[in-house]
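A.B. asks: Sharing a structure here in structure tokens format.
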């Protein structure tokens, strides 16, 4: 059973709750929880303690024991429930406060503190007002940690700041049986002028990044164009090289074909000259060439060199045939010498074979 009556003669001090059992320290609970925690349970000999609660019992004004969840028995008059502690995770709003950063910027900052009672005895007898003590400790620790950081680092190292605050609170609250689980900064407000400066800085940084990105894009485009030109020149030079090689090969084949054709023509001509009436045919060919060459005079140039006897075709042919005969005699003699040598070598070869 829970007692709902309260004595009208007790006085409320520092936010404590006045009950028939006396003044009870304020609990770290939400308004909905304060409604049922406004009074302490009465000693009805048989008590049922809810789960996740610790009831601190005093016997004749001294600490006796802590009741466990479930069924418990107490001695009337001698035993009294002095404190009721919640073992659930407790959330405390840290009021907004001003703090000065390392670069002398005044900030308005608030947060949320999450903690849990690990030792109900220390939480009941170690500190008068646990909520007030933890709140003040969180505020002073937050101001101290913010004073070590510049404004830029406050925003960048938020997790590190929360971790440092939790570590500092746990060092001091260990004697109170309280464990700080985590601390979260809800909001950070900067002065209007500083906010304007930060906005200008952000805009300048964005313009800088845009300029850098644009310059990098221009550089990449120039590199791509240069690379494309280089590849185009390489391909063009390779194509020109292949063209020249093909052209040279074609010219070489043409020269060989012409040489072979000329050699064949000369061979046929020599065979024709060696036949009967070959001289007459050579005279006819020379005369035809003379007439053709004479007909082409003065077609390409105004300067013309003429022989002294232009109309004497027979004399020109005779002169050409005389030159031909003079050049042909050594050839005939060499042919005869080679023939005689072959004939002389044949009997010697036959005699050698006979032996």
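Note that Cβ sites are derived from N, Cα and C of the backbone, with glycine treated the same way.
Here the structure is a predicted model, which means the values were calculated and not measured.
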A.B. asks: Taking 207-241, 242-276 as the choices, which stretch does TrEMBL tie to coiled coil?
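C.D. replies: Range annotated as coiled coil by TrEMBL: 242-276.
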A.B. asks: With TrEMBL as the source, identify the stretch among 314-334, 335-355 annotated region 'Disordered'.
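C.D. replies: My reading of TrEMBL: the region 'Disordered' range is 335-355.
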A.B. asks: Given the model, what does the mean pLDDT over the domain 'Band 7' (44-202) come out as?
C.D. replies: 86
